[in-house]
Amino acid sequence: MGWINFELFAAVSLICWLVSGGFLMLKTSNSTFKTLAPTVLALSGFISLMLFIVLLWVKIDRPPMRTLGETRLWYAALLALIGIVSFIRWKYKWLLAYSLFMGGLFLVINLLHPETYDKSLMPALQSVWFVPHVIVYLFAYALLAASSLVAVKAIYQDQQGKNWQHLPELADNFVYLGFSFLTMGLLFGALWAKEAWGHYWTWDPKETWAFISWTAYLIYIHYRYKHLKKHKPAMWILIVAFGLLLICWFGVNYLPTAQNSVHTYSG
Amino acid sequence: MERNTWQTPWSYREGWIIVVGLTGLGVVWQVFLPALEAQVPRWPGNLILGLIFITLLLALHFFFAKSLLSKWLSSVPAAVTSAAFYCGLAILMGIIPQGQANNSTLISLLGLNRLTTSWIFVLANAYFLSGLGLATLKRLIPFKLKNAGYILNHLGLWIALTAAALGSSDLQRLYMNCYEGQPEWRATNQAGQVVELPIAIELTDFKIDEYPPKLTLIDNTTGRVVAKGKKNQYFSVEDSPIQLLDYKVEVEKRLHSAGLIGERFEPVNEMGSPPAAKVRVTHTQTGETQTGWVSSGSFMHQPYAFKLSDRYSLVMLPPEPQKFQSDIRIMTEEGQQMQTTLEVNQPFKLGGWKLYQLSYDSQKGKWSTLSVIELVRDPWIPVVYLGIFMLLAGSLFLFRDGTNKKKAQ
Ligand code: HEM
């Protein structure tokens, strides 16, 4: 029946990203090794993964966005993409290295937990809103994850006594973009809920946690607007906000409130 | 220079004290005046309440712009602390199951298991919306085009949240159990009371499309699926031949609706006849082949497993619904009739109501003669949607000028 071989695609991506990371570590002034090689390799890994996602989509005849395992594929790809774009744009080596590492980690998790790619899609998910709602959320989470990588780096540099004053501005770029997507995801979700369940907002546990993470980033944006010079508290707000986002992303299934959620999927 | 608490301009310290104060007030209110329920009045009371709120905000903005209250409420520290207040309450809601009795008397007493209708929540909402409203007015009047993104975001959010809060008392969600061939005009509301409607609904046909059933291996002693954690736990019968652990499974014959006759299945077309399949199973190590039947069973018939060895049996899982829909006839009091089909994600609009396909008798599955229809009336929804679409437009601005703003400062 011709199963698509995930191991193969994942291996290509992992090797490309590993070698790309190796080039990033090189201390050289040769621009081919310094920028071109890691970019091309990282991009190849990204393409290999996207190819798998597209093939899988065709194979299972529904958007592969339903289970946690499926969304991990997207995060791996999108994180790599964000790393690549910001590497081309701002030349941040470490950010590319981290996002490839995180993306690779997601792939390894998927390799260790192979899952059934089940074709069925419950009727409530069969909606024009499904793809836009999930895609903007995937983008938002990947961008906000990148912003928190920046915040962690900033705090670390601070403890090392190194200069990190240029980092918050980079974090802002990710947060503004990410928050924009987060808002769209939340609202698309509300519009969809109205069509599928009769009401746009019911404080379902997943909705509640989505709202919580949204307010946390709202706080960051306003704090930054008023106190552009107070970098350190801002970076801490960002780390806490990401902690809340992680609960929304993975943790909701384990909370006492989860039993009643329409959002608890098999993972 | 050190500033004393309450010395102007107020900042975070005062902000947190206000949050604590409001929490205290909410608790006292909740515990000592439980008769005074936190409930928005119904139409037109909610409209009047909204107009009073808007008037107060406009008055503060135009006549008391320099007052401490105006300045404070429209400041960033107030925005940050009130958003944190809201966020904190949401965290409680995210941890404590809502809308059900709680064993802890403290939680029940404070209303933490029904937070959205508690006084703390009302106060947090009022504080948040006052701040947001005044912050909006600050840049709305006089209008400047460069503030467009700001206005879309702040005014949009204010409109959406205010309308949602005020409109919550006018929201009606009713459930109607419709049986095939029996017109129904009584529905149940969320409080469990029966409500009679000016329309009647008759279910003419309820249909389910199902996915092809799946096959899996179970352990004979535990009854559990054995390939747990493996990539291929179960397969659709459509994907034959399939590999389950050491067994290659080929589907030789597939029946959508079958009855057991002796040791085999034959096509029958009766209510409750489950799907069945004839399979040939080959052990890939030994090459040993066996043929047998599996059936998922139904509400009328037992499932039928194929015992492959002392350890394993092959079973068929009940098919999952792909789509369910109800053909209905609607009759109004005036004698009008119309016909439509309800489906999940495809509600039907009728006057101020929206009709949704909610559920059916899941025991009976595709033989269900019951369809549960939800009727929703939410007259404030156009206002909420106005706010939502303003926010969506605003999020695009954020996209655009988020990065440039910082540099301009
Ligand atoms: C969708 C939600 C929101 C978004 C996207 C948003 C975005 C922003 C942005 C980008 C700014 C900076 C304005 C500029 O650069 O010109 C700002 C300022 C501000 N926001 Fe928000 N905000 C939101 C919600 C809120 C809420 C809920 C409050 C209050 C409870 C609030 C209160 C304020 C205040 C007081 C300012 C400063 C305005 C000034 O000093 O002129 N915002 N907001």
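Yeah, the Cβs are placed from backbone N, Cα and C, and that goes for glycine too.
All TrEMBL annotations are machine predictions without curation.
Feature list (source: TrEMBL):
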- B:296-364: domain 'ResB-like' (DOMAIN)
- B:12-32: transmembrane segment (TRANSMEM)
- B:44-64: transmembrane segment (TRANSMEM)
- B:76-96: transmembrane segment (TRANSMEM)
- B:116-137: transmembrane segment (TRANSMEM)
- B:149-168: transmembrane segment (TRANSMEM)
- B:380-399: transmembrane segment (TRANSMEM)
Does the transmembrane segment (B:44-64) make contact with the transmembrane segment (B:149-168) through 3 or more Cβ pairs under 8 Å, each pair 6 or more apart in sequence?
yes
Sort out the residues at least 6 away from either end of the transmembrane segment (B:149-168), same chain, that have Cβ-Cβ distances under 8 Å to it, and list them.
40, 46-47, 49-50, 53, 125, 128-129, 132-133, 135-136, 139-140, 143, 378-381, 383-384, 386-391, 393-395, 397-398, 400-401
Mean pLDDT, the domain 'ResB-like' (B:296-364)?
92
What does the DSSP secondary structure composition of the domain 'ResB-like' (B:296-364) look like, as residue counts for helix, strand and coil?
0 helix, 39 strand, 30 coil
